[in-house]
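Listed in Swiss-Prot:
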BINDING   14, 32-33, 41-48, 171, 331-336  FAD binding site
SITE      87  site 'Important for specificity toward positively charged substrates'
């Protein structure tokens, strides 16, 4: 039996970021069932940073993460975590009221937010079909996130603090014994006073193993594809383009273009694969909105995004199980919120108040707590 202060189940962005901040305060062991961390969600993300997206809780967590992303600790990564990538939300359905609503809510958080007419939007992304565009919002503060550098930085930090990240360690049995949690894997057994459930789409399954009431987590599939831009088209400096009704998005990606129908199809937690219909839908919508022709995607994939009923993230102790801490329901926001979410989770696990710089963004324990979901 290997002893630790904190056992974290799941080495995706939720478990990695929480373990990173916890590792300064005790021995952390992260148990990951796959051969590599982040296989199901983190490694399949489009990874874009924008404050003007998501629920108020998500926006607060995203804003509170920016300082860490802009100035990570020395040695955390070898190059910047963020690179400029503005976001342009385009109205293709002639819905000026919704465009104005999104502009005003975004500008309250991002003073640099601009409202564009159709000509301005088309000048920024010249392949847009002018007759299909009715206006846009433009957030110049958006950025691409180097997901791998961020994720690996968290995992390295755990190891530097004498923690362990153990892949191919699936939790087979979880028991509460003499005031501690014991987790049995094929490769060995582990014990700690605190068990952090950061298993992504499998969080409810882990709770079931532990005899803890589930959150009602719903995994959802999102499909995406990569395709080449037309010859002679330089798309490097295009913004991330999102349709106002969130029916698709398009963004430059290492000289190629990444597209998605922005689907959120309820599924069981599994090694999700893209559906041909999803990919075809995304291609059709992009071709309808732009002059781009997508002959055949270079690569297609799908990832899992997991939600609870209110769409917010969860960080807090279970009401009915001592020492069982949820870090769950990252939805599509886990990477852009990871710095604040990891630091907040680590504080709450240790029964400490949230750090002042997180509270300054309007975050508090109650808005993260799983108890808000109780009937």
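For all residues, glycine too, the Cβ spot is worked out from N, Cα and C.
Known features from Swiss-Prot, placed on the structure.
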| residue | record | DSSP (3 states) |
| --- | --- | --- |
| 14 | FAD binding site | helix |
| 44 | FAD binding site | helix |
| 87 | site 'Important for specificity toward positively charged substrates' | strand |
| 331 | FAD binding site | coil |
Separation of alpha carbons, residue 87 (site 'Important for specificity toward positively charged substrates') and residue 47 (FAD binding site) (Å): 12
Distant-in-sequence Cβ neighbours of residue 14 (FAD binding site), under 8 Å, six or more positions away: 198, 200, 327, 328, 330, 334, 338, 341, 342
Candidate with sparsest Cβ neighbourhood (10 Å radius) among 331, 334, the listed binding-site residues: 331
Pairwise CA distance, residue 331 (FAD binding site) versus residue 87 (site 'Important for specificity toward positively charged substrates'), rounded so that it is a whole Å: 20
Pairwise CA distance, residue 87 (site 'Important for specificity toward positively charged substrates') versus residue 44 (FAD binding site), rounded so that it is a whole Å: 20
Same-chain residues at least 6 apart in sequence whose Cβ lies under 8 Å from residue 44 (FAD binding site): 224, 301, 302, 303, 304
